[in-house]
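To start, the structure under review is shown below, and the notes come after it.
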Amino acid sequence: MTNGRVNPAQELAHQGITGLGNVYYNFLEHSLVEEAVKRGEGRLGKGGAFLVSTGQFTGRSPKDKHVVRTPSVENTIWWDNNAAMPPEGFDQLHADMLAHMQGRDYFVQDLYAGADPVHRLDVRVVTELAWHGLFIRHLLRRPERTELDQFVPEWTIINCPSFKADPARHGCRSETVIAFHFDKKLILIANTAYAGENKKSVFTLLNYILPEKGVMPMHCSANHAIGNPVDTAVFFGLSGTGKTTLSAAPDRILIGDDEHGWSDRGSFNFEGGCYAKTINLDPEAEPEIYATTHHFSTVVENMVYDPETLELDFADDSLTANTRCAYPLDFISNASNTGLGGHPKNIIMLTCDAFGVLPPISRLTPAQAMYHFLSGFTAKVAGTERGVTEPQPTFSTCFGAPFMPRRPEVYGKLLQAKIAKHGANCWLVNTGWTGGAYGTGKRMPIKATRALLSAALDGSLAAVEFRRDPNFGFDVPVAVPGVDTGLLDPRNTWADKAAYDAQAKKLVEMFSKNFEQYVPFIDEDVKAAAIG
Ligand SMILES: Nc1ncnc2c1ncn2[C@@H]1O[C@H](COP(=O)(O)OP(=O)(O)O)[C@@H](O)[C@H]1O
Ligand SMILES: C=C(OP(=O)(O)O)C(=O)O
Ligand SMILES: [Mn+2]
């Protein structure tokens with residue numbers, strides 16, 4: 001049986017998917033919520049938010065992500081970073097999943113990935129869980145109802161949490177799998193209900209497709225000045241570094257919180273919604289995001305709540321520290337309704353330095369920006385990946401290694417050319433620790449980070465005095481109006497200066513060792529910007 005709106009010529013049967021139970025095509029939010037509640041997938045919270053827990057998997061499973069090794073991608077995939085799957089394994093997985101799906105109900109959402117019509121991808125997401133349909137509908141871009149009559153899905157994702165893969169039979173690592181087949185334009189996801197896999201799969205896809213079109217895909221949030229999209233800023237950062245929090249600045253227009261492209265036409269959001277962390281969410285520091293947790297149809301994932309009063313406990317991390325809410329951009333009052341921005345005028349690279357060594361803000365030359373982009377130094381924060389329970393220093397190239405199917409220098413060269421062409425200002429911002437490393441120091445106050453970013457974006461920061469950092473070679477402001485001067489030089493924030501110097505030296509060595517892998521691929525000026 002078929003429900004909902006779809007072009008009959010595009011029903012699943014035409015993709016070889018038959019024998020299912022009910023199929024719900026392009027249901028609107030209220031119907032998806034109704035189905036999800038009816039099926040007992042979760043329950044309604046205050047304001048009609050949909051409260052759900054994802055079971056065993058509450059973060060991504062990066063080690064279970066596979067790319068099918070076919071001749072067409074043999075020379076373009078970065079195999080050291082992407083686990084291969086043999087084509088036969090994928091075909092078996094596909095057949096076994098379809099057999100498993102027989103007689104079960106599915107939800108189909110036909111959506112756009114990419115706010116720029118020239119570069120967008122038409123994606124069909126087939127989910128076993130009604131709330132996954134709701135999640136991805138919030139996160140991607142929703143076609144007009146009439147556009148659905150012409151919608152032709154180019155890529156298809158099938159997400160089946162109740163299916164367990166068999167490593168011997170399917171050529172994967174565990175029962176959990178996220179498998180990409182670039183020739184078949186098909187992604188199969190099994191044995192995980194963490195909703196983030198859906199959106200990050202689309203991101204991975206675009207990271208593969210767009211560089212060939214000269215478009216730089218970026219793991220970044222973006223915002224622009226009110227009334228002036230030409231004044232666009234992007235904020236690169238691995239999970240937990242502050243992309244979502246810092247892009248939702250009350251004095252700017254939010255373009256998007258996680259994934260954007262930079263083409264000859266400017267910047268554009270890949271998505272149409274946000275996926276914010278809710279752990280310790282402070283209604284005063286982040287009022288707009290807080291409000292979405294009490295809004296009809298927002299997906300509230302893995303938060304603990306009082307079963308009687310439905311009061312959410314923002315401090316409770318007993319299910320995971322990676323508690324989340326997912327909502328469409330129009331739940332945020334100062335969000336862009338086009339998803340489009342100009343050529344980034346300011347590029348912020350967010351790092352969550354668990355060593356407490358990097359300054360809260362530093363100005364980078366284009367060569368230094370390239371050095372830090374390829375290095376991608378930060379910390380993995382608790383919860384977003386399986387097995388990470390406290391901040392874990394890492395070099396995640398392009399500030400998003402788990403999502404990069406191509407070699408880092410492909411992205412590096414694209415970004416370098418665009419920075420040079422458009423003369424973007426580049427900054428490195430530490431949202432991690434100050435006053436000592438994780439364990440002794442504390443997390444950088446959001447207020448200070450916001451004030452420094454405002455000064456960078458409104459141009460006032462460029463006018464202050466800078467010092468050259470002896471360890472890293474970049475320029476650091478000496479004093480900034482509205483910010484505690486004591487914070488600006490991290491060495492001052494440590495009680496034990498010798499300990500700071502030792503930690504800084506260690507970090508410089510880590511950078512230098514990590515960077516060796518990029519030396520054969522980079523220009524002389526980036527080599528000159530290398531530290532250590
Ligand atoms: N100085 C800071 N800047 C940004 N975020 C901070 C800061 N200090 C603490 N945080 C917290 O860190 C988390 C950043 O998460 P988020 O913005 O969702 O990151 P991302 O979108 O990059 O994954 C939020 O929970 C935020 O409240
Ligand atoms: C959704 C995720 O990304 P981010 O934390 O960057 O929002 C994730 O890493 O699973
Ligand atoms: Mn985010």
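Placement of Cβ uses the backbone N, Cα and C atoms for every residue, glycine included.
Counting every protein chain shown, 25 other Cβ atoms lie within 10 Å of the Cβ of Tyr194 (substrate binding site). The substrate binding site annotation in TrEMBL covers Arg60, Tyr194, Lys200, Arg324.
As annotated by TrEMBL, ATP binding site applies to Lys200, His219, Gly237, Leu238, Ser239, Gly240, Thr241, Gly242, Lys243, Thr244, Thr245, Glu286, Arg324, Thr449. Ser239 (ATP binding site) carries neither a helix nor a strand DSSP state and counts as coil.
The feature Mn(2+) binding site is assigned by TrEMBL to Lys200, His219, Asp258. Residues near Asp258 (Mn(2+) binding site) in space but far in sequence (CB under 8 A, at least 6 apart, same chain), listed by position: Lys199, Phe203, His219, Cys220, Ser221, Lys243, Thr244, Glu271, Cys274, Tyr275.
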Task: Cα-Cα distance linking Lys200 (substrate binding site) and Thr241 (ATP binding site), given in Å to the nearest integer - done: 16
Task: Alpha-carbon distance [Ser239 (ATP binding site); Tyr194 (substrate binding site)] in Å - done: 15
Open item on the list: Please report the distance from the Cα of Thr245 (ATP binding site) to the Cα of Arg60 (substrate binding site), rounded to the nearest angstrom.
Closed with: 20
Task: Lys200 (substrate binding site) and Gly237 (ATP binding site), Cα-Cα, nearest whole angstrom - done: 14
Open item on the list: Using a 6 Å cut-off on Cβ distance, which of the binding-site residues Lys200, His219, Ser239 come close to any atom of ligand 1?
Closed with: Ser239
TODO: Give the subset of the binding-site residues Arg60, Tyr194, His219, Gly237, Ser239, Thr241 lying near ligand 2, defined as CB under 6 A from any of its atoms.
DONE: Arg60, Ser239
